[in-house]
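Visitor: From TrEMBL, here are the annotated features:
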type    : residues                                 : note
BINDING : G111, T112, N113, G114, K115, T116, T117 : ATP binding site
DOMAIN  : 25-97                                    : domain 'Mur ligase N-terminal catalytic'
DOMAIN  : 109-307                                  : domain 'Mur ligase central'
DOMAIN  : 330-458                                  : domain 'Mur ligase C-terminal'
MOD_RES : K217                                     : N6-carboxylysine
Amino acid sequence: MKLIDVIRGLAINNDVGNNDNNVDVKGITDNSLHVKEGDLFVAIKGHKVNGHDYIDQVIEAGAAAIVGEEEHTELPIPYLQVNNSRKALGTLAKNYYMDPSAFKVMIGITGTNGKTTTSYILKHILEENGLSCTLIGTINNIVNGEVVSTTNTTPSSLVINELIFRSNDPVVIMEVSSHGIDQYRVEGISFDYCLFTNFTRDHLDYHLTIENYFQAKRKLFDQLKPNGLAVINTDDEWAKKLNQDLISKGKRTFTVGQSKNNDISFNNAISSNKKSINITEKEESYTVDFAMPGLHNFYNMLSACATSLQIINSTEAIIDSIKTFSGVKGRFEIIRNDNGSTFVVDYAHTSDGLLNILNTVNEFNPKGIIHIFGMRGNRDVAKNKDMLKISASMSTLYILTMDDLNLVSYQSMLRELEVLNEQFGNQKGIIIPDRTLAIKYAIENSAKDDWIIITGKGHEKYQQSYFVPTQSDMETIEHFI
Ligand SMILES: CC(=O)N[C@H]1[C@@H](OP(=O)(O)OP(=O)(O)OC[C@H]2O[C@@H](n3ccc(=O)[nH]c3=O)[C@H](O)[C@@H]2O)O[C@H](CO)[C@@H](O)[C@@H]1O[C@H](C)C(=O)N[C@@H](C)C(=O)N[C@H](CCC(=O)O)C(=O)O
Ligand SMILES: Nc1ncnc2c1ncn2[C@@H]1O[C@H](COP(=O)(O)OP(=O)(O)OP(=O)(O)O)[C@@H](O)[C@H]1O
C-alpha cells in the first residue's frame, strides 16, 4: 500500500524528512525490533520505553517512513509528526487493513467484572445458532477456530485490526479493558453492540480516580456504529447513569435487570442450587437452565442473551443453546474431592468479585469455607484491605498467599500481607506464602462438606515457582487429590 493511502485521515502537524508520500509501505509496526525493509514505524512514548529513541535503528533496518510525536528534521525518509502516536496507530492500522471492523458484526464488552464470562457465553450461543465468532480477550484470542495466545485483554490496535482482517468469522466479540480504551487500542474500531456489565472499584493505580476509570469505559460507547446498540445492566448504578446519558444523546439502548421496566427482566428469587430461572422478554416468560452458579454469572448470561437476541431473533433458540453451555476456565470452576470437600477455582481479584464468589458458595450451605488468596503486586493496592475484610468476615479460615508479584520483591509482598493481616484480618487467618503449600494445608485441614475457594489466578499460569512444581491452581489441586 502507498504511504499516502495508509495515512488517510491522519491529522499531521509536520511533514519532514524526504516528503515522499508515494513510497510503498510493506507493513506497520510500533516495535523497532520488528522493523523490516519497507515498514512504517510508529514511535510511541510508552510507560517504560520511548519508541522515538530507536529512530536511527529503524532507518538502518530499512523503514520506509516514521510516524511519531517528537520533533525531527533532516531525516532520509518521511517523518510525519502527530499529536498522539497511539491514536495515530489506530488510524494507520484501520487504513492498512482496510477498515475490517466495518464488515463484521462487532461486539465490544466492557465493565469491571464479567467481560470474559459474558464473551464466552455469547460465543457459545451464536455458534450454536450457526454464526462462528472471533474472540479477542483475556484468556486467548480465537480466530477462524484457531487459538492465538495473548498478553493483553485488549491488544494493540495493530493486533486487533490484523486479527479482524484475518478472520473469516461473521462475528467478532471483544473484551475491551479500560487500559485499552485509554491507550487508544480500539481507535478506529466501530461496534454494532457495546455491552456494559458492571462497574466497581479497580485499577486506580492506573486511572487514579474512580471517575477517570468510569470515563475511560464510557468512551467505548462513542464508537458505536450509527445504528449501533448499547446493552446495559441497569441494576448497576454506574451503568444506569450511562444508560440515561446515552438515551439523552439519542443513542439506542437495550437494558437488562430485575425491574420489569427493562427490556429483559428476571425475578431475584434465584439461588445457585437452582439451575432454572424465569426471565421475561416482551411480556413472555421463559425458563432458562444455566450451568454456572452465582447471581453475578446470571447477569453475564442475561447480557449475552440480550445481545444475541438482536442477532438471532429467536428467544427459544437462544434459551435452548444456553442449556449446553458448560462454563469458562477459571470462573467458578468446581472440583469435587474424594473426602467430600469441594474446590472452587475462580479469577476474582476485586472486592466485588470476592463478595459474589463467597455469597455464591454460601448458597451451597458449606460446613466450612477455607479461602486461599493473595494480592497482586504493583496493582491497585488500596483495594487489598477491602478484599481481606470480606474474606475474613465470610470464611471459616482464610489463608493469605502469593499471587503475581509483578516486579514487587517476595519479601515486600510478604511484609504487605503481614501488615494487612495485622490491620484488617482477624484470628481466623494465617499466612502461607507458598501457594502450593497453602493449597496442601487447606486440603489436609478440610473435611466432608467443606469448601476450599482459591481465588485470583483462575485460568492463569503461575508467574513464579513454588515448592510443588505445578503451573496453576487447577494443576496443584489435581496433584494433591
Ligand atoms: C502499562 C501498560 O498498559 N502498558 C501497555 C502499553 O505498553 P507501552 O506502550 O507503554 O510499552 P513500552 O514497553 O513502554 O514501549 C513503548 C513503545 O516502545 C516500543 N519499543 C520498545 C522496546 C524496543 O526495543 N523498541 C521499541 O520500539 C514498543 O513496541 C512500544 O511501542 O501498550 C502495550 C501495547 O498495547 C501493552 O502491551 C502494554 O500492556 C502491559 C503489558 C500491561 O501489563 N498492561 C496492563 C496494565 C493492561 O493493559 N491490562 C488490561 C486488562 C486489565 C484488566 O481488566 O484486568 C489489558 O487490556 O490487558
Ligand atoms: N457480573 C459480574 N459481577 C461481579 N463479579 C463478577 C461478574 N462476573 C464475574 N465476576 C467475578 O470476576 C471474576 C472475573 O470474571 P471475568 O473473567 O468474566 O471478568 P473480566 O471482566 O473479564 O475480568 P478481567 O478484566 O480481570 O479479565 C470472576 O471469576 C468472578 O469472580
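Keep in mind that glycine also has a Cβ here, set from the backbone N, Cα and C atoms.
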Visitor: By DSSP, how many residues in the domain 'Mur ligase C-terminal' (330-458) are helix, how many strand, and how many coil?
Guide: 51 helix, 27 strand, 51 coil
Visitor: How big is the gap, in Å, between the Cα of T112 (ATP binding site) and that of K217 (N6-carboxylysine), rounded to a whole number?
Guide: 9
Visitor: Sequence gap of 6 or more, C-beta under 8 Å: which same-chain residues meet both conditions with respect to N113 (ATP binding site)?
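Guide: Listed in sequence order: T197, N198, T200, H296, A348, T350, D352, G353, N356.
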Visitor: So, in DSSP terms, is T117 (ATP binding site) helix, strand, or coil?
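Guide: SS state of T117 (ATP binding site) = helix.
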Visitor: Count the other Cβ atoms sitting within 10 Å of the Cβ of T117 (ATP binding site), across every protein chain shown.
Guide: 25
Visitor: Cβ within 8 Å of the ATP site centroid (G111, T112, N113, G114, K115, T116, T117 excluded): which residues?
Guide: I109, T118, E175, T197, N198, N300
Visitor: What does DSSP call K217 (N6-carboxylysine) in the simple three-state scheme?
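Guide: In the DSSP reduction, K217 (N6-carboxylysine) maps to helix.
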Visitor: Please list, in sequence order, the residues in the chain of T116 (ATP binding site) that are at least six apart in sequence and whose C-beta is under 8 Å away from its C-beta.
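Guide: When sequence neighbours closer than 6 are ignored, T116 (ATP binding site) has G137, T138, I139, T153, E175, V328, R331, Y347 within Cβ distance under 8 Å.
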